[in-house]
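K.L.:
So TrEMBL lists the following for this protein:
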- 72-89: transmembrane segment (TRANSMEM)
- 396-419: region 'Disordered' (REGION)
- 401-412: compositional bias 'Pro residues' (COMPBIAS)
- 547-612: domain 'Polycystin' (DOMAIN)
- 615-637: transmembrane segment (TRANSMEM)
- 658-680: transmembrane segment (TRANSMEM)
- 708-872: domain 'Polycystin cation channel PKD1/PKD2' (DOMAIN)
- 740-757: transmembrane segment (TRANSMEM)
- 777-799: transmembrane segment (TRANSMEM)
- 840-866: transmembrane segment (TRANSMEM)
Amino acid sequence: DEFDALKNKAGAAFKILLSSYSDAHEQAVHKKELIEGDGLGQAELVRKRGALRSLKKQVDFKISQGENYRQLFFFALLICLYSFSVILVRDTAKSYSVETSLLNLMYQPLMEKQHLEHSDVYTFLNHIVEATFRDPVCGDGVCDSPLEYPGFGGVGCVADCGKRENISNVFFLAEDPNVPSGQKEMDQPIYKMAEQVNALPDFRWNVFLNSTQSFLFEEDQAVVSGEWREFQVPDDQVILCLFHRNHLYNKVATPSSMAIMLNLDPSTVPPAPETSNHLYGGFTEAIAWSAWVKTNLHMNNPPPNMTRNPGLNDGLAYGVGYTFGTSNPGRPISFLGVYSQCAVAESLIQAATRNGKCSHGNIVWTQEEKCYDSSMWQQAWAASCPSCRTFEIREHTNPGDPVPPVKPPQAPTRPVTPGNNLIGAILITQLRRKGKPCVPDPEDCDDWCQHNLKALGSLFEDQWCQDDELSSEPFGIDPMFLTTSPLFDGRITSYTFFYNETELSPDSRLPYGFFSSPYTFPKDPDFDYPNSEDGVPHYRTYLDARMTSKQARRAISFLQEGKYLSNATSVVDVEFGTFNPQHQHFAWCKASFEFGTGGLIEATFRVESFSLDDLAFNVTEGTLTVIITLLCLRMLYGEVLEMSTLWGEGRMWEYFTNVWNVLDIITIVFIPASLVNIIASGFTLRAALESATEKGVPRVLGNIEAVARIFGTNLEEEMNFLDLRHKILMMVEESQNGRGWLAVNMLLLMMRLFKMLHFQGRMGLVTRTFSNSASDIGHFTLIFGCVVVMYAILAQLMFGTQMPEFTHLGQSMMMLVHTTLTLGIQDYNRMLHMTPRTDYITTIFWLTFIFISTVVLLNIFLAILVEGYTVVKETATNSETLIGGYAETLSHDLREGQESLLSLFCGLLRRKKGSRFVSNKRMEQLLQAWLWHMDTTVDGAPPSEDARREEGGRVIRLSDGEEMSEKALMMTLLELIGEAPEKILSYKKRSWLGKSK
């Protein structure tokens, strides 16, 4: 009854409303009829307009909520797709496996060290070498190429790989004129005398193989007169060398004593060699042997009528003779060389004399009125007594033909950790500082400085401090030439084969061990990433992957014995790259040792990696990128519409002053851009990596078998290695930058998610809680910050000298925040240990800070949030749930789509649509039009210029451009009311009709 009465009442009013007038007079008559006739009264009409406005607000709210739910849905879809794309960017499980294994390897040797020393750097290097350079065991039944290969003699692995083909038997037969056949050396009087005067020569021999660039025997072989030694060598040049281990000259026999013993002109006696070595056939050793051993032997058994040194009667003789040749089975013995001991004939000795006694007066051989010029002897000696002789073995190949390599040319696989193989070499880099006197410059010294200099001047004397400028001067020493070093190799006859004059120390005349390499790296037009090390004077040394375990350990000993670390050392970096072929994963490891001027050595370890799969482009990633881009374009379209609306209203600046709007624009642009950047950089970096490795893995060292200057590099190969290293590091950096960009985008998405959830009564609790509590949180942050800063300064003063957590103010503040959240009992115990004399002050410091920061301030912060949450929660009690809101929006959208399809179908069949469903948008248009007419009627506003007379009353233009008459509009609303009376009951509850009956 109530509904019918209302409908009849409205119908009477609508009949009057449907009559239209063309001027103000007719409108006034219309208004009078409306008020005085059968229609509603003026007050009732105004009340009805208010109810319609309330209804329109509800419809507008529903429209807004529906749009918000739709945007939230698409935004949630964007988050899901973008998160899936981020997951596809990197396989974190594989990366974790690779990086953790390498980090554990680097941490292991120094885990328990609190304070590092120079020796710990070598300990770390030896640990890496021990883990990486593991040689296969010969005899295990497996031929592990290339470290194991078909062998001969002591070269290669015969047990696992078999014998090398096309090898020749050669022999070495030594003959000592002082040892009769069938007798032993130590049974001879001359050697007994040599033993008495500590002058046994200890002759050795060895064979250097040109094909392996190494000696055939690991240890030099003792020369035994009359012993037939047979061994095998490949076709190639072989160099047979004799060595003299125990030198007489300048040890037992001095130049002056030799001049006296042999009546030599002292001015012609050659000086001692600049470097000690095992050189065989030295002229100085020949005259020392004759002057000391032979002379003492003859003095014990002097011949009659002795007028001069009897050791010169048979000429100047020294050393052993030998025969070298081939002795292949089934073939006659071939003598490649037969050599007697080194000697200068007696006739040449006599020819090098002058009459008259020497300057020393011939005090031993006084009856001899001659003085010998030993320089003339030396000229004849040099051509007759070489230390090494070269022989060409061509039993299986023709002269000039290439010789098959003995060792396989490829580098061995060196797993640093299981599955992660070393790339090329381990790089050891050092930066050094120039030295300067520690005494302050008087011109830059104030009064206090002058006072200290005067009082403590003796402490500054002869002291050198590090300068800020990097050094590029050579330093250290090559220990292969240092007689006190266990690495000393006397077989190296001269350093001139390895170093030039500018590479020798002016003080010791020994070669430097380490040289700077301030390289200028060529620019790659296809890889626009400049090398930061361009022109920097780094001291680079390498542990080549081709080295054996013994050679790698020797290289570390070279660093240690050569004084690689000193007070001028600033930073030492140990770097190596690995590749995991199963996961196609690159990793670059770096251990950095920083040498502080205060004596502290700090070690940091870092592993960075990327996978080739990270650089690959697949269909899934491309599809996701396209969908994400389309979703972002949809979001951008909404932002553009909002900006155009504000532009039309002249309030464009309001858009950009809103932080959330700026955040929206940044998010929309950054998300697709980050994915496109990853795809584009993947193509670029992969092409650069392929170009860097197209020549294979670089072989950095020139000769891993080098007996001196063992870190000498092949410049082209070294530059290739450094270029590969640079590109790997740039790929790692790009990978990290890309992941960092993705991380920033995820944070932006999270912030925008909070903004988008703000419209939902229940889901917006977080943002509204912080919004309501923003002022209190700001004041709390100020107080908490002041407390932390003040205590951080105090902690730095008390504990900063021994606890690294409090060394710097920033670290100290972070440590105190950590203590606030965790109470830090262990830290307190460490503080007590560091301050045994002021432990009571430490206790007061810790208790007061815990009480203020944790007990008081932290609980106040929680109280602020709880209070804000309580207020917000009360306002959201009657709010709809997220699921309910989505259900209503989905139901409405499905019905609207259904009606659209039905309208299209009916239009094609030219039939009238039976359903009277009105969408929220349509309802909003109808209510807007109705309110316009009521405003015109009640307020007397003139009709718009677009209104025109047509059948059915004034034409009303809706917001979407559709035109309909007032009559059609009213009938639509009445039909809607008649179709769904339950809607009126629901609206009555929302007070849009009031309490009318």
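Using the three backbone atoms N, Cα and C, a Cβ is placed for every residue, glycine included.
What does the local environment look like for each feature on the list?
P.N.:
With DSSP classes pooled into helix, strand and coil, the tally for the compositional bias 'Pro residues' (401-412) is 0 helix, 0 strand, 12 coil.
Looking only at the domain 'Polycystin' (547-612), the predicted model's pLDDT averages out at 92.
Beyond the transmembrane segment (615-637), the same-chain residues lying 6 or more positions past its ends with a Cβ under 8 Å from any Cβ of the stretch are 71, 74-75, 77-78, 81-82, 84-85, 88, 664, 668-669, 671-672, 675-676, 679, 681-683, 685-686, 689, 731.
Same-chain neighbours of the transmembrane segment (840-866): 769, 773, 776-777, 780, 783-784, 787-788, 791, 794-795, 798, 816, 819-821, 823-824, 828, 831-832, counting only residues six or more beyond its ends whose CB sits under 8 Å from a CB of the stretch.
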K.L.:
Hey, which bits of the same chain come close to the transmembrane segment (658-680), Cβ under 8 Å, at least six residues off its ends?
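P.N.:
78, 82, 85, 89, 617, 621-622, 624-625, 628-629, 632, 635-636, 639, 642, 738, 741-742, 744-745, 748-749, 751-752, 755.
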K.L.:
Counting by DSSP secondary structure, give me helix, strand and coil numbers for the domain 'Polycystin' (547-612).
P.N.:
14 helix, 34 strand, 18 coil
